There are 6 protein chains.
Amino acid sequence: MSENTRVDGRTPAQMRPVTIERGWSAQAEGSALISFGATKVLCTASFTPGVPRWLAGKGTGWVTAEYSMLPRSTNERMQRESVRGKIGGRTHEISRLIGRSLRAIIDTKALGENTIVIDCDVLQADGGTRTASITGAYVALAEAIEWARANGHVSKNAKPLTDSVAAVSVGIVDEIAMSDLAYVEDSRAGTDMNVVVTGSGDFVEVQGTAEGAPFTRAELNTLLDLAVDSTAELAELQRTILAEGS
Amino acid sequence: MSENTRVDGRTPAQMRPVTIERGWSAQAEGSALISFGATKVLCTASFTPGVPRWLAGKGTGWVTAEYSMLPRSTNERMQRESVRGKIGGRTHEISRLIGRSLRAIIDTKALGENTIVIDCDVLQADGGTRTASITGAYVALAEAIEWARANGHVSKNAKPLTDSVAAVSVGIVDEIAMSDLAYVEDSRAGTDMNVVVTGSGDFVEVQGTAEGAPFTRAELNTLLDLAVDSTAELAELQRTILAEGS
Amino acid sequence: MSENTRVDGRTPAQMRPVTIERGWSAQAEGSALISFGATKVLCTASFTPGVPRWLAGKGTGWVTAEYSMLPRSTNERMQRESVRGKIGGRTHEISRLIGRSLRAIIDTKALGENTIVIDCDVLQADGGTRTASITGAYVALAEAIEWARANGHVSKNAKPLTDSVAAVSVGIVDEIAMSDLAYVEDSRAGTDMNVVVTGSGDFVEVQGTAEGAPFTRAELNTLLDLAVDSTAELAELQRTILAEGS
Amino acid sequence: MSENTRVDGRTPAQMRPVTIERGWSAQAEGSALISFGATKVLCTASFTPGVPRWLAGKGTGWVTAEYSMLPRSTNERMQRESVRGKIGGRTHEISRLIGRSLRAIIDTKALGENTIVIDCDVLQADGGTRTASITGAYVALAEAIEWARANGHVSKNAKPLTDSVAAVSVGIVDEIAMSDLAYVEDSRAGTDMNVVVTGSGDFVEVQGTAEGAPFTRAELNTLLDLAVDSTAELAELQRTILAEGS
Amino acid sequence: MSENTRVDGRTPAQMRPVTIERGWSAQAEGSALISFGATKVLCTASFTPGVPRWLAGKGTGWVTAEYSMLPRSTNERMQRESVRGKIGGRTHEISRLIGRSLRAIIDTKALGENTIVIDCDVLQADGGTRTASITGAYVALAEAIEWARANGHVSKNAKPLTDSVAAVSVGIVDEIAMSDLAYVEDSRAGTDMNVVVTGSGDFVEVQGTAEGAPFTRAELNTLLDLAVDSTAELAELQRTILAEGS
Amino acid sequence: MSENTRVDGRTPAQMRPVTIERGWSAQAEGSALISFGATKVLCTASFTPGVPRWLAGKGTGWVTAEYSMLPRSTNERMQRESVRGKIGGRTHEISRLIGRSLRAIIDTKALGENTIVIDCDVLQADGGTRTASITGAYVALAEAIEWARANGHVSKNAKPLTDSVAAVSVGIVDEIAMSDLAYVEDSRAGTDMNVVVTGSGDFVEVQGTAEGAPFTRAELNTLLDLAVDSTAELAELQRTILAEGS
């Protein structure tokens, strides 16, 4: 293997094949089954008129998200959080990240007093579940807003979506900066960064973590460059999928 | 609508289209994505050498099951049980039913000191989630046992599966006995019965419940006749699918 | 021991001695201490005007039930569910069964907007705790309705009870079909069935489970015959007890 | 009503009728159904060879207790602690009190490496449930130790019980010091004291609480005098009951 | 060491150095950092207009308390109760004791429909954490009432505090009665008593426990004498601190 | 107010006064009471020989952290997580962040099979509690390692600490980039970033979040510059404090 190729033959800057199946669910107001390689996440958006009590009467809507993994989405079966009786820190962290990412591109005034709950359930996990979740959640969210407009819950002229949003994990593995880490790469990465970027190319979240040795400013810059390129590809795919109709 | 046809045009004795996709999961030792009409359940079987401590040293294996619904598998979003912090009675009841149904056709001596955990996660719900779960779980279980035999955890000559098992819900709706109730039928049914039957046609579970008026011995017999016929069809489909290989 | 006698000398179709002590509790609106042999269950019925919020304004009442075992009702002490911090699947299952059984013979319109909560607490367990619970719960329920009528919460002419209800466990032990299994019989039974029957002889619940080998249609029929006879005896006893007054 | 008589005609120093039914349970190694007037508590003692891991190998035994109320033991139905998912402060407090009271009269060396768990389940509550529990628990404990001696778990000469123990609630109601408060008295008491006393007349616990105005040293002394007299009566009853055999 | 001196040189009747730092918190309406020797407790009082729903409209206020220990306030680190997912019996017991002690010297009518929540968090523990908590909580409570009066929530003439309250632990160690036990003394004490006394010298709580042998009436009297003297010293210190202003 | 000064008169790049009191706890192996302005956090380090079971026999140690806020550390009292019965997502997130930050500068081989648990308890909160926690936790950790070396648990020549670590929050408030945000600034910040930096100036964590509008690459760079400067000041203070001895 040459130094610049990866276990599955990709170049460092190359993402895995990404597919998005819109309108997967017959029940939800918006939905998308997204895959980043072997990672598969079912994203649904549930639209409900009205907001939680603490927001009522302010004329603004609410978007929130929950993330979970099926027990055998992983290589070894994990115990269900419902069986353990509590939600782990990692699950909380990712649910909050997805919610913040979507709220960054929502104009809650334009949404009106309506609530959208996003569920991201990982059916199969091979690294990048949180970034696939954010990228798919945006498509489900956009579908739910189309639905709400078609059903008169959001007015024709209102533009609740101010931009699109997508995310990718980037990292340094064996001293090479790489995009869209698969599980085996992620577990060997010295530095791991999840970057959430709008369709316009601005940052919503930058979360970089030194798993081993601390990282330098130069390494940080290289990783951000990779992330900006990959999320631009994802934004393009989202646009195409949403233009097709469900 | 004539008195003998149903909302989707089926005859009373007719099941919805049933499909089983074997080997859906790249991670699990056995898996099947089963659909009974719009009801879709992902069934995985996780094989682990060894048994829980209370069984150790007895030379017998263990098979257990867990059932869960994705929050937006239903028409209105349900709160996750992990968020509520406890598992509801219905979930417990169905998990236990699936486990008992599978153990009825397993020879745990022949399985050896190995554990198989079945997970049935409902991706989309339109009635009959527990019966689809049992029917799909059997396919995942059979796959996991093939895997275990191929990987030397179960000996070539051992026959841990003594039979196959499948299930159907039958009920009386507007005084007509029907097979494989969809959600709208189930919610109007006066009597509802879940029947688990082996490939040989014997009963593993008979659970009949009067939702409205109590039911007579004659009605019980009609429902059992329907269930025996429908589960025979399911057993035939299971045989075909498993013969094809994954 | 001849093939047709049991460990305590009963014939296969014979129930254990059944006693019902009405009005056991000085606090509850209805109560009964029931024993099926060594199995003893304290059943209370708590009547409250009004219904849960989700039922309010519909003009119908609500009946629900909770089942629990004292920690040393059994041969070995069990941990309390309150100490474990969660309710087990079996407890949930039985609580739901008792509630459904009683709702099958209640006309909730005639009950009016009132709630009755049944508590079945097992003081001593020797098999058949769920069937004794249902049988005793009916007596407590009937007492609570008498109380409600006497106290003006239910009108004189209303008939909230449409029938009576009783239950028995039947099973196949050593190839013999038997009624009202004691614990030692139950744990050796190949097939175990709990049957809930109205005073008129119709079925409310039929729950048959193959603990070992699956069972045939003929065996199912034999067991149902036994259950119908035994519950007819129980219905007669309930009538006598309730006629006596408390 | 003259100033020195009570709602049920008792004199201030007079306890309610106390009955103790030994050996109530067919399952437990020791048991007693105790009543202080309408208050009824079922006390069982579960004997197990061996001790919790943190005590193993020290040659000493362990005695602990759990207290609980049936949901309809009270005038208004209470929610079960198992349903609420946590044990309330009052339950914890009383369980700990019962355990400490019994450990004060146990020689754990003489008990050997054995564990006795006491369960006190209140079937009907009319004040004094914790003091009735302690008094009944002693009888169940003594029975369990007899059983252990008869079954060879405790040697013939060992004397694990160093004394007996009983308890009473005393309090000041309308400025009169009274023994064994019934519920209506307890809820009007300005000062309420639970006193646990050995058969020899020494104190194990003194728990006095000013519910309204603080109390004086003189009032404290009057209450202690009452408690010493009442617990002497209880000790005498315990001796009689245990002498009779079960 | 002579028989009448203690490990830190104190006489039996002597308390450890006690310091109270008023107004420690910049956020709370009342606060005090209290130390009894190495035992340090941060007490805050949170004032909120309004009362819990069950008290609304009765014209009376509410005072309650919560006690907790930091995980490394003790010699060996304890697991957090938030991590264990449940609050232990000891914590509940002490929280309730602090609340009752404060309510004994509060006129809830004069407080008006306002709520004060006291938090006692043990930063460092060396015995006597509950008695230090009560003593410090009174100062925080008095500050919060001053604040409420200054901010117009309680009228100028209202006197919600009817007295002061303080507490001390006393016990018999090696047959000598001692005041204000440090941890090493407490763990060797045969009898341990927590006594809560008003500024006027009357009792609010007397909680004596025989850890080893039961105690006699004479011992009880000696301990109460010690407690009355020590709490008088504490009351004097509270008066001085509160007179100084924050 | 000129555009470049802040509510408390600081310049944009200026931190609040930072104080670190080493050895605050008499019980813990390492401790520090740190303040960033009005934010005060008590950090303790608990050293225990041995490691969790999953690490045993690998020759490496373990460092983990828990973060919590006292209920009245904030402007309005929060409910305790122990009372709510579960730990919130924010608490989990911060505990994990502190643990990862410390593990980045620990050589677990050099630590040997020993465990250090860091507790960061916020006594008073005014923004920056997580960054103050990390900065103080490092001092407590360093103290605990000194203690372990002095007590023979870590060998004289081993260097478990490979660097120091400190953290600061930076953000954009009213379009001005500022360091060490106080609570009122943090709640108005459009972009908020927590940066964890080693003594050598490399990054351990970079967590930037757009609270309002997404942020540009240029803004990200300005914030990182500020963070590098402020954490260099903190590293200098840590060196000075640790050089002084406790």
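Each residue, glycine too, has its Cβ placed from N, Cα and C.
Note: TrEMBL annotation is automatic and uncurated.
According to TrEMBL, the feature phosphate binding site maps to B:Arg90, B:Gly128, B:Thr129, B:Arg130. Around the Cβ of B:Arg90 (phosphate binding site), a 10 Å sphere holds 14 further Cβ atoms from the protein chains shown. B:Arg90 (phosphate binding site) carries a helical DSSP state (H, G or I).
Per TrEMBL, domain 'Exoribonuclease phosphorolytic' is recorded for B:14-144 (among others).
For B:164-229 (among others), the entry in TrEMBL reads domain 'Exoribonuclease phosphorolytic'.
Helix, strand and coil content of the domain 'Exoribonuclease phosphorolytic' (B:164-229), in residues and according to DSSP, is 17 helix, 30 strand, 19 coil.
Mean predicted confidence for the domain 'Exoribonuclease phosphorolytic' (B:14-144): the pLDDT average there is 95. Counting only same-chain residues at least 6 apart in sequence, those with a Cβ under 8 Å from the Cβ of B:Gly128 (phosphate binding site) are B:Phe36, B:Gly37, B:Thr39, B:Val168, B:Ser169, B:Asp180, B:Leu181, B:Ala182, B:Asp186. Taking the centre of the Cβ atoms of B:Arg90, B:Gly128, B:Thr129, B:Arg130 as the phosphate site, the nearby residues of that chain (Cβ within 8 Å, site residues left out) are B:Tyr67, B:Ile94, B:Val122, B:Ala125, B:Gly127, B:Thr131, B:Ala132, B:Ser133, B:Ser169. Take the CB of B:Arg130 (phosphate binding site) and look out to 10 A: across all protein chains shown you find 25 other CB atoms.
Between the two most distant C-alpha atoms of the annotated phosphate binders (B:Arg90, B:Gly128, B:Thr129, B:Arg130) there are 14 Å.
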